[in-house]
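Take a look at the structure below.
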Amino acid sequence: MSETFIYPQANLIAGVDEVGRGPLVGAVVTAAVILDPNRPIVGLADSKKLSEKRRLSLYDEITEKALSWSLGRAEPEEIDQLNILHAAMLAMQRAVSGLHIVPDYVLIDGNRCPKLQMPSLAVVKGDSRVAEISAASILAKVTRDREMTELDLLFPEYGFAQHKGYPTAFHLEKLAALGATVHHRRSFGPVKRVLGLV
């Protein structure tokens, strides 16, 4: 972990992260994780810096060893209604409230915290500085990637399994040629343009 993080004085600390702010399609997915100090997990890092194979292996280890973990999400309709930032905050709240053990402190990746029932702190680059946030980033990323692979089976022509819904040249080309699916975020510029909403 880079730039040593000084932990707050707390017994049960949850880490929270989100995946999927940038894609044009699908939910924004969040995870909250309380790690077990007696069952350390080696190799936790920002999910974006790990190979897919390593992420999958760590996913299994985290879900098995964590004291508690939970996923949250906000669907495309909620993203369009609220905007992506507020939808991500809502999904984080859902992840924290889904924990079966109530944390006494929550550390969140980024520079902004959602409203929670307990003290919280936003940690810039938290996914590479805080083990709990790294674990949350891995759970959220693996979950969302799996959803994109499933969506790819329904809409193979869009290539969701490859680009995970991000606005790559290929995705934009297919969006222009084929139009938007019901899973596309209508409030996002490229989708708006295709639907003639701009």
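Glycine too: its Cβ is placed from the backbone N, Cα and C atoms.
Going through D109, D145, D152 against Swiss-Prot, the one listed in the divalent metal cation site together with D17, E18 turns out to be D109.
Apart from D17, E18, D109, the divalent metal cation site neighbourhood in this chain, defined by C-beta within 8 angstroms of the site C-beta centre, holds V16, V19, T30, A31, M92, I108, G110, G126, D127, I133, A136, S137, A140. In the structure shown, the C-beta of D17 has more C-beta neighbours within 10 angstroms than that of any other entry among the binding-site residues D17, E18. The local packing around D109 (divalent metal cation binding site), expressed as other Cβ atoms within 10 Å of its Cβ over all shown chains, amounts to 27.
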